[in-house]
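Q: Here it is, the structure, as structure tokens.
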């Protein structure tokens, strides 16, 4: 049919005839239809209208669109063709293109503004047409560009309907998934389920039988149907086998969903189809919970009728009743209660439904519950009743209801809060008013003594305060520490509350227990307005705290300028003196508050004011190097020469601290440079003592006497020599110091250096003419002193130069140490402001709580002839010591450290003159308490001075000094033992009839005394401490027992003595007063153990030691010093000191008797006459159960009596014995137990009859044992000895469980340990910390010292529990670098190295880098509840030092290892191959082992010789040693070398940190299971390849495993080569249209959607051909990557399955191996290699064929014959395609591939030949590893003839993942282009024969096991410029050389082709 167009086309410029015009129009349309662009354009140029159309309305755009001529369409649109022009049928170009499936045209049209939702005459849209014709891409594009699928045809059919009718399942899926109504993209079947579209669902299920398709969150269509209540689809799905109980994410089933949504019909359907009514989600919700929570009555009723579990609880213990109550669903609550749900059912926190109703304020529900007799006084775990909660949440109606039903108005919580406390704190005046109306007292106190008024003041509730004080609340009520509400509000700065309280008569001068008034607190916090109010109401300016601080002192301390100014205006005394005579100016100077100091000076404060010991503010400023304050003080007339009582001037302090500028300032203000203190010390002496050369220079330049002498005659040179300070010694000698000057005792500097063992100093002195023959007053030369003290190197140096006079001396003579004087004054700046009670909520602000008034007493001990040392008996930092405080930010220095901060004491470094002087010389040995040394002394030993100027390189730094003059491992708050050789032993010593006494050198407190005449002959006594697990049979431990020290191995074992000998062993058990005791076990052979019994009284011992110069401590002293004394007449092989619960024991026989406990006096066991038939030792143990422990673990669920044990266990008595045990304390209910013989169902008697080392098994025996109550005790009878325990528990059934839980905590053995913290500042912001909890470890951790850590804190001994975690928190200016929410934690194990390494950052770099570490038993709670730390340590980080050369000298191994696992910070660089993974895992373990490697070696059963050999082979690097050990272990143990094995051994040596690493995310890649052996993954540890001279080189090549030639132009480290794991090759798009058979001619069912027919595009008079454009068939090589992968995988499986042996004819070639990585290529290079100028287009055709087969630990499928044939065909095509590429010759005749049986052989052959290209591939596996295409690596002296051997190496039959096994040995350094050329001739014949020989040999040996064809392994894809390329060229026997990468030379190689087809066997 033909029509005239509606519009006449515009006339051309030149009129033509009408006939020609219509011809032109038709020709134009024909040209457009045929795609002849030029022709069409010519017509347009000649005047044809671009929009001209034929009689059907078709224009050029329509025609070109239909035929898919994109260029024509684009050009027409550019020439303003109407994009939305419609045909007669209303079709636009977009309709036509969509119908024809012309995707590119559709894109162009839409881009040019075509209306995607245009509708034709019958309402068809482009989307409808594309959907009808199954044009998936077009449908997708239209949907993405706004096409609406809701637009229907006139008959109401949508695109989805037509796609369903036509059966186009992919289009249906696409349309459903893009249904815009849903918020989340869901799979098609889900959408069908949502729309209840059974038809769509049926079609989708027809094509995919799985009805349980999952969405992203794991929901199935049935879940969706359940959600929307779509019964029809649900029925269909269930009929099609949908799982009725399918669990989605969090274990949600469809029944949960339907119940939650209230779809009752759906619930019924699901239950009818067998849904589990009691299914639980991950949180424990059942369908009943879901229905109840949402209040769906009908559903709840249905579920209850079907017996839903009404008692079921969630993870948190919530029942359906709680849920219904929470949602205020009254009807559901009633329903549940009708079904007899317990009304008082509790959650895990003991919350009832009534608590929930009170919380939410649901009045009606609360009423129903109370009517059903819910308990109004039920207590939650924290003691809150519903009334408390109602008061907290301001629910006044519920509150009144509760009171009406008898709720207790005085009920108290755990912390003693009543409802009025809670309401006052929350600020609810109306509730407070109602409570008081109902009789609540406003003056009731909580456990801290606080009333409601305190609470209101604390939370700043002014209205409540007003109401309370008007209604009779006591304004002056005192809480704990005597705090009044006024104190609290003053501290918090609540001026309005302060005003109210003062007006109501509150005393402004009320003081807390530590003497703080409200004014002090306001001053401390800087609240000027509050201070003004207080002063207006008469607050006193002069009241002092216990420390004598006035409010002005406090303001000065905290730098509160405004308050200080106000106080001074109000006439506060600027010179008020505190307890130690400190003025506010002293305090301001100490805390560097310059503005306050200036204010005080302006207001007349005296700069001359001196503290009691004579310190002026200038002394303090000089000590702390506060230049500004010092300058101000001097300007105000401070005397630079003012001295303290000891004669110390400011310049002394500045000199000692090394403050050069301060010294210069003081000297410029006329300070006397030669001023000496009372003992004669000048500033130069102190500079010499501290090695301050820079200060010494200033002093000497200003006229200091170089040879000034102290009273004892010491010159600065003596002092420098004594302390081993080489730099100052050199300086003094350069300035003509007298080298032979003598002290009063006749000591020269040389004597002093010899006494201290400083060889380096001695050498310098001798070079400077020191006389070695000078004698002391006692006639000793330096040599004699050194010899006596056992300094071998010193003796060797001096004996050459000394003239010796022979003398005889007895061995017992002791050397009296000569020590120069030092200064020891300290000054306490602290002000004890007990803030525990007043400010718990301020803990997080970095404000620190002082630990109270400890240690107020100072003791002076006189030490003859040496010096006076200030010694403290208690913790030096917490109390009122004469100490000078720490850094300014640690305002409340109450920590548990041993004093360890440099300036924390004006002790001018009481360095104790080398502690040796006090321990080695008996006449000066102090008693124990004197060793709680002054802080400076300790600090000097531990921490090099913070201000040390680094310009002077210190040849002998403080670390090295330790080894000269003291034993740093004993630096603790205990007796310092570092005896001379003659009085101590390391392991053994000789003794004879004269007897002897020896102290242990390593372990302080160890001593062996052999009295005279007790040893029969000269004997070598040995004594060493050994680890428990070293013994095959360690001593058996009962629960609650633990070793208190290491095992003591004595020798000679079995030695008999003529009388008792004494062995004293230090122990670490905490005795908890008298609660625990020590017993000694002995073992003669290490196999059996028994208790060591030897009683002897003290008098006997004294008599025994008669004539010996030994003193024995009393038992009390032994207890204090924690020493166990063993008295024995013979030596067993081992002693064990065991800590256990104290046991009362006695011999009891048939006559009977009574045993009573001394620990818990009410506990007793009464044995009647005849209970025992013979006399035996019977024991009674009573272990107290601390209430706080019970509360911490169980809350107020239960209370317990002591645990009582009768020993020996499991013994039956002939008559019952009577046990008496005190009743448990009253329970948390707040009601007295009232045990008066009444029925007490809550009181239970528990019993455990297990004995020996078996764990206790508690059972409830209340029912079978009658209990009798006597006063506060319960007695009962028993005829077996066992463990008994009384419990008072509300939930009787839970008693045993709760008891067992508590018991596990109670049996943890307590130890006394110390916390030590090491730090290293990495950069100005970040530092590394290592925290240790040590028992008997050496404190100078060698690893930390080697890594340049400094000790920054050490605690006194603290009680810790075995095996329990210790949580670490950081406050102040330091923040730990942890993931959010994570807490630092490590476990304590006795005698193990408990190390916690972590990093911290400095919050504010402008402030001092100091903070506090708190060690806690519990994790930090989110509730912010106050927690008591077991230990607090204040730390200041060491200064950031730039590493000097020596520090930088890390071994290459270490660097390589660090780089090797840089992927830890760069996850994308995670290693891929198993060899790589194993190597890195080893590397990480090695890097962390440090010095523990030897311990590990011993645990792994390596001999001493093997360990020494590892040391010798790797002398310079700990990491190399560790790595070599692991390598040897894997080689030796093979398959048994598993991660689990390593973990267990590491746990034994207590390297839990490494175990954590092994189990942590670092090792997650590859999901390596613990049972998999390192050897299985690959034999990384074969001997080094030739050419690698040392193990170090192996460590340098971590990337070898990647088999990746690096990019030649890339200079980066190869550690970063792997930036991406993804393959750069993308999967070719699937031609899905070709795969899906067309269903276009299905008959339409009646009433189905109409099918659009295409427009008739035939043109009048046109003779165009109507042939269809046929798409070219897919390129035979363009194989879909995933298909190929599957095929390859299945082929591999087939290969592996079908290689039982080698056929005789040898035709079977190597089986194909799966590879785990892209062969020879890193991903980064692949990415780069995607394109490039060198790449030929045709390479793409072969790319996909050689994609890697990534078989990642999944089983390959069996390959069918068809698949095998398909694969074979692809390979054939690949060969043909390759031979068709230019320059590629094909050796194989095209007809050579005949049968499937040959497939594998030829594939292998093909790969082999592909690899043997002469272009860039190589035979040597080494060369392809080294990343040098074409270059053979010359290894050592070997030539290229080694290649076949190298090729053979990778075949390891043991494992399946062996690619690149030796790659760890290969060198991967980037090479640069070289220009030389080197010939390495190789005989072609030799190489060919060898290669053939090796290959065939391998095939014969290894064929039954999977291995990789050499060719496949060696394929390289790198061109000279690093671009990816496949080298597949082959030239038989040809020799070629071309430019290669190399270091200055090139290699010419011959490539011999091994053709698998030619192999013969």
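Positions of Cβ are set from backbone N, Cα and C atoms, glycine also.
The feature compositional bias 'Basic and acidic residues' is assigned by Swiss-Prot to 1-10, 1725-1740, 1808-1818, 1933-1961. The feature region 'Disordered' is assigned by Swiss-Prot to 1-25, 1606-1678, 1698-1740, 1784-1818, 1844-1884, 1915-1961. The compositional bias 'Basic residues' annotation in Swiss-Prot covers 11-20. Taken from Swiss-Prot, the feature repeat 'ANK 1' applies to 56-85. Swiss-Prot lists 122-151 with the feature repeat 'ANK 3'. The repeat 'ANK 4' feature in Swiss-Prot is assigned to 155-184. The repeat 'ANK 5' annotation in Swiss-Prot covers 186-213. Feature annotation from Swiss-Prot assigns repeat 'ANK 7' to 250-279. Look at Swiss-Prot and you will find 283-312 tagged as repeat 'ANK 8'. Residues or ranges marked as repeat 'ANK 10' in Swiss-Prot: 349-378. The annotation repeat 'ANK 12' is assigned in Swiss-Prot to 415-444. For 514-543, the entry in Swiss-Prot reads repeat 'ANK 15'. Residues annotated as repeat 'ANK 19' in Swiss-Prot: 646-675. Annotated repeat 'ANK 20' per Swiss-Prot: 679-708, in sequence order. Sequence annotations record features per position, and here Swiss-Prot assigns repeat 'ANK 21' to 712-741. According to Swiss-Prot, the domain 'ZU5 1' annotation covers 985-1140, on the basis of sequence analysis. Swiss-Prot lists 1142-1289 with the feature domain 'ZU5 2', giving sequence analysis as the kind of evidence. According to Swiss-Prot, the feature region 'UPA domain' maps to 1274-1408, an assignment based on similarity to another entry. Swiss-Prot lists 1784-1795 with the feature compositional bias 'Polar residues'.
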Q: If you average per-residue pLDDT over the repeat 'ANK 12' (415-444), what number do you get?
A: 92
Q: Which bits of the chain, at least 6 residues beyond where the repeat 'ANK 3' (122-151) starts or stops, bring a Cβ under 8 A of a Cβ in it?
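A: Contacts with the repeat 'ANK 3' (122-151): 90-92, 94-95, 97-103, 106-107, 110, 116, 157-160, 162-163, 166, 168, 170-171, 174-175, 178-180, 1632-1633, 1636, 1638-1640, 1649-1652.
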Q: In the same chain, who gets a Cβ under 8 Å from the repeat 'ANK 20' (679-708) while lying at least 6 residues past its ends?
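A: Residues packing against the repeat 'ANK 20' (679-708) from afar: 646-647, 649, 651-652, 654-660, 663-664, 667, 673, 714-717, 719-720, 723, 725, 727-728, 731-732, 735-738, 741, 820-823, 867, 908-909, 911, 945, 949, 951-952, 954.
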Q: By a Cβ-Cβ criterion of under 8 Å, what residues six or more beyond either terminus of the repeat 'ANK 7' (250-279) are in contact with it?
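A: Long-range Cβ neighbours of the repeat 'ANK 7' (250-279): 219-220, 222-223, 225-231, 234-235, 238, 244, 285-288, 290-291, 293-294, 296, 298-299, 302-303, 306-309, 312.
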Q: Under DSSP, the repeat 'ANK 8' (283-312) has how many residues in helix, strand and coil?
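A: Going through the repeat 'ANK 8' (283-312) residue by residue, I get 17 helix, 0 strand, 13 coil.
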Q: Who are the long-range neighbours of the repeat 'ANK 1' (56-85) in its own chain, taking Cβ under 8 Å and residues 6 or more past its ends?
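A: Hits for the repeat 'ANK 1' (56-85): 1-3, 5-6, 28-29, 32-35, 37, 40-41, 44, 50, 91-94, 96-97, 99-100, 102, 104-105, 108-109, 112-115, 118, 1654-1657, 1659, 1669.
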Q: What does the DSSP secondary structure composition of the repeat 'ANK 1' (56-85) look like, as residue counts for helix, strand and coil?
A: 17 helix, 1 strand, 12 coil
